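Pulled from TrEMBL:
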type: MOD_RES; residues: A:Thr212; note: FMN phosphoryl threonine
type: TRANSMEM; residues: A:57-76; note: transmembrane segment
type: TRANSMEM; residues: A:96-121; note: transmembrane segment
type: TRANSMEM; residues: A:133-163; note: transmembrane segment
type: TRANSMEM; residues: A:243-267; note: transmembrane segment
type: TRANSMEM; residues: A:274-293; note: transmembrane segment
type: TRANSMEM; residues: A:305-323; note: transmembrane segment
type: TRANSMEM; residues: A:335-353; note: transmembrane segment
type: TRANSMEM; residues: A:359-379; note: transmembrane segment
Amino acid sequence: MKALRKFLDKKKPLFEKGGKYAKLQSTFEAFETFLFVPDITSKTGTHIKDAIDLKRTMSVVVLALFPALLFGMYNVGYQHFRSAGELAATGMFDLFLYGLIKVLPIIVVSYVVGLGIEFAFAQMRGHKVNEGFLVSGMLIPLIMPVEAPLWMVAVATAFAVVIGKEVFGGTGMNIWNPALVARAFFFFAYPSKMSGDAVWIADKADTFSGATPLAHAAALVGAKGEAATSIIEQHLSNTWDMFVGLIPGSIGETSTIAILIGALILIATGIGSWRIIVSVFAGGFVMGTLFNLLGSNSYMTLIPAWQHLVMGGFAFGAVFMATDPVSGTQTTRGKYIYGFLIGFLAVLIRVLNAGFPEAMMLAILLMNTFAPLIDHFVVQGNIKRRLKRVKVTA
Amino acid sequence: MSDKEPLFSAKNRKLLTNPLSAENPITVQVLGICSALAITAKLEPAIVMSLSVMAVTALANVIVSLLRNTIPSRIRIIVQLVVVAALVIVVDQVLKAFAYNVSKQLSVFVGLIITNCIIMGRLEAFALGNKPWPAFLDGIGNGAGYGVILIIVAFFRELLGSGTLYGFHVIPKVLYDMGYQNNGLMILPPMALITLGIIIWVHRSRNKGLIESN
């Protein structure tokens, strides 16, 4: 550690004003503060004191993503060998290794492209490099199908960083979650690689159906009586698999357990808002129950409300996407409203629009857009209430 | 005309060239956005649309400029609308007669040229107070400024969205075989808005004078 510190101190003057590499100052600064907590403290005004800065915050989120990531890698292998019919003959380590080899390139592409653009913009504008991409760069691979071509991942990431973030002024200024912008871009630009049955399992055997539970559920819309119950029995009865995550889907979204572990880390460290997470689940459950009671087709009536919460990207979105402190609401009451509407809309879109089986992305992006409005009305309401109190006592 | 100003004096040339960049109706004044979003998925309709708007702006400018001293100012908007509407119907008929396919692609948007803010804006701001020749140049200039942006947006949208330019395939088949795919989002209207936004972004960062202070 000391040697590293010494090395940095020795090189530092080169990057300061007048130094040989002064132009690369922000790049140097980014690495230095990544390795060591900066020793600069503010000198004027009142500031909140906390031991944790933005880089450390981001690292905790990345840590919280690891269970989902590791399980995702295992599941990639699991799904591949299951489709090939060689599941029994393959050891657990081999499953994981296969997944690792498949997933790692996507992660590398996401980070290289995203950080590359981030550094370039910081350099051009003379800003400090933003830390935000540390998390986005990990989120993007986790919400991609494993068969996503790398160049498409690169294009989607570039779009997300430039249009989702840099246009608005970088980390902290964006109105949408950049990772979801990447996914939305991917979904609309290259639908054949982001939906359907073929992309969720790596090197799927042709005879094997790779449909996700959501795709099976969507097939219920037109099915009646016998046909509907047979779909449920064949594909949707094994809730345990859905909960553990042994189902086809985007890399990191399948395992509700792994996501909940991440949620615990986020809540324990106070980084993710439990209010948002809980109310997203509540919203999804309420909408699901409404469908159960009033539904007019098999999808609405036969899928129990709680099953919506473990299918597809619902849990992942609730824990890692909706809680994004930048694009979400800030006020306490706003968080409940925002979260509830995300869950509510996600299930609504999912069931009513067959074109968007994975509605979590759209629901969160929509509510991201409305988050400032919700905050505005919560604050206004608060002001009004307090003004009334003033009148009574005066 | 009493003054012996040459047809293309420096002042008149400015009328032609200013709208191309510094006073561009789309990127600077942000007018005429709706049609710019609607018909830029392909180059061909975009070019035809630009020419139509250019023709209508120029001719409407000339006619209103000729009438400027006789139009009572209280009903000037109605008079302007009648002039523009008449011209748009002429353009629509010409397109139907000579470019039926494009006219079908443009569908309702030819008729909607009437509501294009650029035209009314130029009539109000320029034609009512200037002589026919400068008004004509101003119309051509603004039509061209509108057209340039339309064509730039359409160029990128058609190239990336359909892999073609003016209907011809330009992206080699080898690329498709290697796994390249057309970007489906480019064909959807939101991408026109984003492309336009990027053009405005690039334009303003190159012309610092255009950045509004807030």
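One is the number of the first residue shown, and numbering goes on along the chain from there.
Glycine residues also receive a Cβ, built from the backbone N, Cα and C atoms like all the rest.
For A:Thr212 (FMN phosphoryl threonine), the number of other Cβ atoms no farther than 10 Å from its own Cβ, over all displayed protein chains, is 27. Highest Cβ contact count with the transmembrane segment (A:359-379) among the listed stretches A:243-267, A:274-293, A:305-323, A:335-353 falls to A:335-353 (criterion: pairs under 8 Å). No contact links the transmembrane segment (A:57-76) to the transmembrane segment (A:274-293), because fewer than 3 Cβ pairs that are 6 or more residues apart lie under 8 A. Outside the transmembrane segment (A:335-353), and at least 6 residues removed from its termini, the chain residues within Cβ reach (under 8 Å) are 214, 273, 275-288, 291, 299-300, 308, 312, 314, 317-318, 322, 328-329, 359-360, 362-364, 366-367, 370-371, 374, 378. Tertiary neighbourhood of the transmembrane segment (A:133-163): same-chain residues 55, 58-59, 61-62, 65, 68-69, 72, 76, 102-103, 105-107, 109-111, 113-115, 117-118, 171, 178-183, 185-186, 189-190, 193-194, 198-202, 250-253, 313, 316, 320-321, 361, selected by CB-CB distance under 8 Å and a gap of 6+ residues from either end.
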